[in-house]
Amino acid sequence: MSGDSSGRGPEGRGRGRDPHRDRTRSRSRSRSPLSPRSRRGSARERREAPERPSLEDTEPSDSGDEMMDPASLEAEADQGLCRQIRHQYRALINSVQQNREDILNAGDKLTEVLEEANTLFNEVSRAREAVLDAHFLVLASDLGKEKAKQLRSDLSSFDMLRYVETLLTHMGVNPLEAEELIRDEDSPDFEFIVYDSWKITGRTAENTFNKTHTFHFLLGSIYGECPVPKPRVDRPRKVPVIQEERAMPAQLRRMEESHQEATEKEVERILGLLQTYFREDPDTPMSFFDFVVDPHSFPRTVENIFHVSFIIRDGFARIRLDQDRLPVIEPVSINEENEGFEHNTQVRNQGIIALSYRDWEEIVKTFEISEPVITPSQRQQKPSA
């Protein structure tokens, strides 16, 4: 039994072991120790590295290797391309900085470098590569500025000696002979050269200028005859116009005088009617509206009020209020008028009231006026007839 038990002991222990625990121990033994730096990794690699699929999501293949995600493969390819572009940009910038003098002296070296940078810029898709491209453009602009400064700025300057040599050659004079003649200014050949040279120069310069036409007068006629002056026509004097203008004020004055005379006659006639009424019945006052209102004509009523105002102004009549607070009119006697002038107590007022057509109708209806007291004169009856 002991032998069996001892014989079964190892097998029993082997069967009683946990298989999951044995696999975990074997994996822990097979792992190699990692340094802290390798365990942490850089922050950039942790950001750029795609998420690894878990063991539960992946299915083991026949070979035992895990399947890779296509998105992670594409991201790694893009990172490799961007890394290569940055490397090429840095190499190009270093080359430009080292070969600065050669680029400034060579003719097309700067153009070639710019074309190479344009080729790299077509592949730029991130900000890091764009920053390198901007840095290269700063260097290229500085080089272009220096090459522009090296250009000659005196291209339009005037070379006097060259111009004189060309001018003497055009005149047919040898510059060496002309120099000897200039030294000897007293020789007659010098005067001939100077005079003849200016003559040739003048004929040459004449072809480059437009000729100015001579000035001549244009009389406006083909035959050149002067126009015959027209005879002066004397305008008639404006004497008749002045006479007519002088006659118009006289006519107006006569019309004004005639209207004034007619007004005075009408005022005297109305005053006579008022005095006749009071002479017949001196104790009964005359109502102002009964006296001036014409029930058949509103314009005549207005004229009567206008004429009565002159009678009141001159002091031949007066207006007062009766017991019913209605206006009445009565003539002023001669004795009262004389007393007023002596004591200087008479007040002159011109009684004019505003009267509308509606007021006139209401007065006629209220006072029951059927016939006018102031009958129209013959002058007023003619237009109506």
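Cβ atoms here come from the backbone N, Cα and C positions, even for glycine.
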Residue among THR208, THR263, THR345 with Swiss-Prot annotation phosphothreonine is THR345
Record feature phosphoserine (Swiss-Prot), assigned residue among SER54, SER258, SER377: SER377
Looking at Cβ-Cβ distances, which residues of the chain lie under 8 angstroms from SER377 (phosphoserine) while being 6 or more apart from it? GLU266, ARG269
Look up SER377 (phosphoserine) in the DSSP assignment and reduce it to helix, strand or coil. coil
